[in-house]
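Asker: Sharing the features that Swiss-Prot gives for it:
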SIGNAL    1-27  signal peptide
CARBOHYD  Asn50  N-linked glycosylation site
DOMAIN    56-166  domain 'Expansin-like EG45'
DISULFID  Cys59-Cys88  disulfide bond
DISULFID  Cys91-Cys161  disulfide bond
DISULFID  Cys96-Cys102  disulfide bond
DOMAIN    179-265  domain 'Expansin-like CBD'
Amino acid sequence: MALAAKLLPSIVAFVALACCVLRSSVASVDHHRKLSGWSIGGATWYGPANGSGTDGGACGYQGDVGQPPFNSMIAAGSPSIYESGKGCGSCYQVKCSGNPSCSGKPVTVVLTDLCPGGACLEEPVHFDLSGTAFGAMAKPGQDDQLRNAGKLPVQYARVPCKWQGVDIAFRVDAGSNQYYLAVLVEDEDGDGDLSAVDLMQSGGSGGGGSWAAMQQSWGAVWKYNSGPAPLQAPMSIRLTSGSGRTLVASNVIPAGWQPGGTYRSIVNFRRED
C-alpha cells in the first residue's frame, strides 16, 4: 500500500501527459479547418506576372481559374494543404509583411493546384500563388517590386469561401460514357472542399432511388462506374463538405447529358456566420 501511494503521483502525471499528447494529435488533424488566428507559412508565385498560374493544375479547374468567381486569385498548395486533392476549392487569406512593398492587408485565394517540391517543401505550409494573387499583396503600384522578391514569408488563415450569387457546377469529364461518369465539382461555398460525393440515378436497373458512393479520381474530379447496366439519367449528386455538411443537387445531370458538358445546379452551401 505504501508503494502504491508513492507511485500514485507519477501515475497521475503520466496520464495527464498522455491526455495532452492525445489532444495535441487530434488538434493537428483539424489545424487547417479551424484556425483560430494567423499561422506562418511561405509564398512564391508562378506563371505570367498578371496571370492565373497555369491553366488546369492538379485540381482540374482548367481555364476556369482565370474566370469568375476565381478571377486568377488562386494558389498551388504544398502537399500539407492540397491533401491529395481533398483540399481543392478551399479558401485562404494570405498577407505578407516582410518586404517594403507588402501592404500588410490580406488577400483571399482559392486552392486550385499542387506545388509538390522545391520551395513548397521548405516549410510545413506553402502557397505558390498566381502572379496576380502575389502582386495583390503589394502596396498600390508596387506589385512588380513585390513579385521581384520571388519568395516571401507570409501569414495565412483558412476562411470560408464566399461565392455570392454562384451555385455549384458539375463539369462532365470528356471520357465519360453511358457506363462511366466523372464530374469536376466546383464553386462550393463555405468550406470549399469535399470529403464525399454520392450519386443517385433515376429508376430502372441501374440502382435508381438509392445513393452510391463516387470515388475521387484526382483533384476535384469524382467518378462512378455503373457496371453492366447503363447510367440512368437524370442523376442527382449529394455532396459532403470537409466539415460534414451535406447538400443535394437534384437531377443536376439531365437526360441527354454530354461528355464535356457543364451543368450548374440551383444550390450551394451557404456560409455559416
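Cβ from N, Cα, C; glycine included.
Each of these features: where is it, how hidden is it, and who are its neighbours?
Answerer: Counted within 10 Å of its Cβ, the other Cβ atoms near Asn50 (N-linked glycosylation site) come to 13, all protein chains included.
Model confidence over the domain 'Expansin-like EG45' (56-166) stands at 96, taken as the mean pLDDT rounded to a whole number.
Under 8 Å, Cβ to Cβ, and six or more positions away along its own chain, Cys88 (disulfide bond) finds Ala58, Cys59, Gly60, Tyr61, Tyr82, Leu111, Thr112, Asp193, Gly219, Ala220. Under the three-state DSSP scheme, Cys88 (disulfide bond) falls in the coil class.
Its Cβ placed at the centre, Cys161 (disulfide bond) has 22 other Cβ atoms within 10 Å.
In this structure, Cys102 (disulfide bond) is part of a beta strand by DSSP.
Residue counts for the domain 'Expansin-like CBD' (179-265) under DSSP (helix as H, G, I; strand as E, B; rest coil) come to 0 helix, 45 strand, 42 coil.
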Asker: Non-local Cβ contacts of Cys91 (disulfide bond) (under 8 Å, 6 or more apart, same chain)?
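Answerer: Listed in sequence order, they are Thr108, Val109, Val110, Leu111, Arg158, Val159, Pro160, Cys161, Lys162, Gly192.
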Asker: Can you check what DSSP calls Cys161 (disulfide bond), collapsed to helix, strand or coil?
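Answerer: Note: Cys161 (disulfide bond) is in a strand by DSSP.
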Asker: With an 8 Å cut-off on Cβ-Cβ distance and a minimum sequence separation of at least 6, pull the same-chain contacts of Cys96 (disulfide bond), or say none.
Answerer: Ala43, Cys102, Gly104, Met137, Leu146, Leu152, Pro153, Val154, Gln155
Asker: With DSSP helix as H/G/I and strand as E/B, how many residues of the domain 'Expansin-like EG45' (56-166) fall in helix, strand and coil?
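Answerer: Looking at the domain 'Expansin-like EG45' (56-166) with DSSP, the answer is 28 helix, 34 strand, 49 coil.
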